[in-house]
Amino acid sequence: MDPKSQRVKLNDGYFIPVLGFGTYAPQEVAKRDALEFTPFAIEVGFRHIDCAHAYQNEEQIGQAIQSKLADGTVKREDIFCTSKLWRTSFRPELVQPALEKSLKSLQLDYVDLYIMHYPLALKPGEELYPKDENGKLIADSVDFRLTWEALEKCKDAGLAKSIRVSNFNHKQLEKILNKPGLKYKPVCNQVECHPYLNQRKLLDFCKSHDIVLVAYSALGSQRVKGWVNPNHPVLLEDPVLSAIAQKHRKTAALVALRYQIQRGVVVLAKGNNKEWIKENMQVFGLELTPEDMKAIDG
């Protein structure tokens, strides 16, 4: 099956590939990983590249994409590239300049998708995480509905084909959906989603409003100190997932990715290992049974 044909239609008429290549990495390796693994991901068939200003590696991803355009592996219209508006640029007048900065780094005229990274604004400035003297994040009192209006203008200007949100709950989504004078609905909502956090209610809500759910951390939460209790179970070692993987002669990671695709979720897969990146493309050669899906949902 041709992975490039595996796309979902968005509520604005554009199409998003169901499998995306995630480019987040710890800061010390983010730039190096982007240069090394993004071209390889494109070579093996990834067409959806998920980027963000906050990952601080858009310049390297831009170089990687340009190298694959230059050698004829892909054309620009084959690549579905996303970027994200960081929380320090939520004031309406800062939105378009932030997108233009990302476009310059990515060496692109437009992104296929521009995303509001979080529903909460931070104090504008160069620091990604502005903190006060007590080490607390400094918030900015911006109504994210005004930020959304600025995103709509970016779409109208042709700088982004589609616009969406990330890390929004259903109440925050409703604030945008019920906004007077709404011009464009968010096409997607990108959230942490995996079998230990399957987001069933949020998925149902999004589907009812023709919003696509996009899953990050689809193979389990980043096991970063301060985010996850190290004593919590590791998703990819889960006995249910392992048994299903064994039955299909695939890895637990592929089962976790396929689970999302079969429930209508667009899934992002990261990779800092060429074998894993290549293996992730095998998700299209796997079909889980209704029993498998029910067991994973449980």
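Every residue, even glycine, has its Cβ placed from backbone N, Cα and C.
Among the features that TrEMBL reports, domain 'NADP-dependent oxidoreductase' is placed at 19-297.
Cβ environment of Tyr55 (active site, proton donor): Thr23, Tyr24, Ala25, Ala30 lie under 8 Å away, each six or more residues apart in the same chain. Feature annotation from TrEMBL assigns active site, proton donor to Tyr55.
Marked as site 'Lowers pKa of active site Tyr' by TrEMBL: Lys84. Lys84 (site 'Lowers pKa of active site Tyr'): 26 other CB atoms within 10 A of its CB, across all protein chains.
Taken from TrEMBL, the feature substrate binding site covers His117. Taking all protein chains in view, 19 other C-beta atoms sit within 10 angstroms of the C-beta of His117 (substrate binding site).
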*Where His117 (substrate binding site) and Lys84 (site 'Lowers pKa of active site Tyr') are concerned, what is their Cα separation in Å, rounded?*
6
